[in-house]
Amino acid sequence: MRALPLTIGTIHFVGIGGIGMSGIAEVLHNLGYAVQGSDISDNQNVRRLREAGIQVMIGHDAANLGTAQVVVISSAVGRDNPEVAAARAKLIPVVRRAEMLAELMRLKWAVAVGGTHGKTTTTSLIAAVLEAAQLDPTVINGGIINAYGTNTRLGAGEWMVVEADESDGSFLRLPAVIAVVTNMDPEHLDHWGTAEAMEAGYQQFVSNIPFYGFAVLCIDHPTVQKMIPQLSDHRIITYGFSPQADVRAERINTDKFGATFEVVITDRQTRRTRRTPPLRLPMLGEHNIANTLAAIAVAVEMGISDSVLQSAFASFKGVKRRFTKTGETGGITIIDDYGHHPVEIAAVLRAARQAGARDVIAVVQPHRYSRLASLFNEFCTCMNDAGTVIVADVYNAGESPIEGVDRDSLVDGLRTSGHKSVVPLPGPEHLAEMIHAIARPGDFVVCLGAGNITAWAQTLPEELATLQAKSSKIRRTGSGG
């Protein structure tokens with residue numbers, strides 16, 4: 001891997017504990033650069049970086065800069081941050097996270113994966129395929145890849161796979177050779193302003209690929225399909241379940257452990273088709289089959305064999321917080337999932353049904369007041385696959401409250417939209433007792449959100465088991481008396 005000039009000095013990351021920032025910091029550290037950083041609080045990413053030998057300071061203070069010669073910030077870091085202000089006062093370059101990622105991407109041939117949903121899993125699947133093909137890729141992902149125990153991988157090969165962040169438009173800076181778009185639903189409109197502006201951003205993202213590159217687009221998504229005529233000067237490959245898709249899944253058989261399917265691949269120029277042998281994916285949900293099709297589209301163009309695909313997918317270990325089982329007690333399964341957009345929530349709850357749940361109990365922690373406000377009607381209608389919905393307070397993620405947009409308004413909205421069983425969660429300390437009162441053997445409890453609900457999902461199995469043991473003891477005592 002060609003190096004950046006070694007004279008750039010120590011690189012300081014403000015907000016290094018974020019998933020995107022931590023990945024770039026770890027890759028630069030593994031390349032031999034002096035890396036340090038700060039974050040407002042300790043978390044798993046901070047601990048992982050420290051274990052790797054990276055100094056991380058808790059809290060933001062001008063003194064944290066030390067001898068840093070470059071400062072990297074995310075879009076969440078404001079100009080009034082004391083470290084950023086100190087860097088500018090010292091005339092130290094301050095670069096955005098996406099700019100630093102773009103510099104790393106220039107050292108390789110890059111695949112960038114964009115979309116409202118499915119980016120992290122699709123990035124992980126492409127990485128798994130390239131690794132199985134012995135292409136030794138470098139990977140920078142937006143979630144922890146279970147096979148790595150981290151969200152990054154430094155490879156010696158010529159290819160890099162990255163998750164492209166559309167939230168602040170910074171994915172337009174990324175110099176990708178292959179651009180993947182999984183879907184486009186209204187999201188991050190606080191940055192884009194309108195859905196039309198967001199769609200134009202995605203079109204620019206794809207248009208940025210060079211003439212020797214190509215775009216991989218999900219034709220099943222109407223907004224993505226609408227973009228195709230505007231890309232006539234670029235090479236594209238479509239995927240999905242539609243008969244119009246160049247890479248199409250057929251003969252799908254699902255069970256509670258995953259899916260087996262075949263893929264029909266059509267050459268856009270010759271219209272010749274071929275069929276792959278059966279592929280096994282140990283993941284639930286039609287949306288994950290779609291993510292796999294995106295990886296197959298990339299692999300086909302890179303000349304990777306079907307046998308490599310079979311091996312890569314069959315051994316795929318998934319991504320942290322993507323339908324992750326945290327425990328099972330008394331026949332009740334606890335699932336932790338990052339889903340926080342209505343489309344994601346609906347897909348995860350469908351997957352729980354597919355897994356053979358007797359019933360599904362959704363525990364939802366809305367993430368950001370602005371998201372709940374802009375997608376309120378969608379939130380009120382996306383949970384029909386849950387027999388019961390438990391709604392927690394909004395995780396504000398630094399936002400100020402919006403009047404009339406809160407836990408209780410969502411509870412009322414779900415009920416008004418026809419959901420038969422919706423209850424507010426007074427606080428996380430009451431979750432286990434509520435689940436104990438509602439859940440029965442065979443049920444799935446699915447904890448959904450991008451906030452601290454993941455911590456609740458981790459402790460819930462043990463808390464629930466304790467309550468079950470107490471109830472069992474009381475029943476035995478009662479029957480014996």
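Using the three backbone atoms N, Cα and C, a Cβ is placed for every residue, glycine included.
Long-range Cβ neighbours of THR116 (ATP binding site) (same chain, at least 6 residues apart, Cβ-Cβ under 8 Å): GLU166, THR182, ASN183, MET184, ASP185, GLU187, HIS341, VAL343. Feature annotation from Swiss-Prot assigns ATP binding site to GLY115, THR116, HIS117, GLY118, LYS119, THR120, THR121; the stated evidence is sequence analysis.
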Neighbour-count leader, CB within 10 A, binding-site residues: THR120, THR121: THR121
Cβ neighbour count (within 10 Å, all chains shown) around LYS119 (ATP binding site): 27
Cβ-Cβ distance under 8 Å to GLY118 (ATP binding site), same chain, at least six residues away: THR182, ASN183, HIS287, ALA290, ASN291, ALA294
ATP site shell beyond GLY115, THR116, HIS117, GLY118, LYS119, THR120, THR121, criterion: Cβ within 8 Å of Cβ centroid: VAL113, THR122, THR182, ASN183, ASN291
Candidate with sparsest Cβ neighbourhood (10 Å radius) among GLY115, HIS117, the listed binding-site residues: HIS117
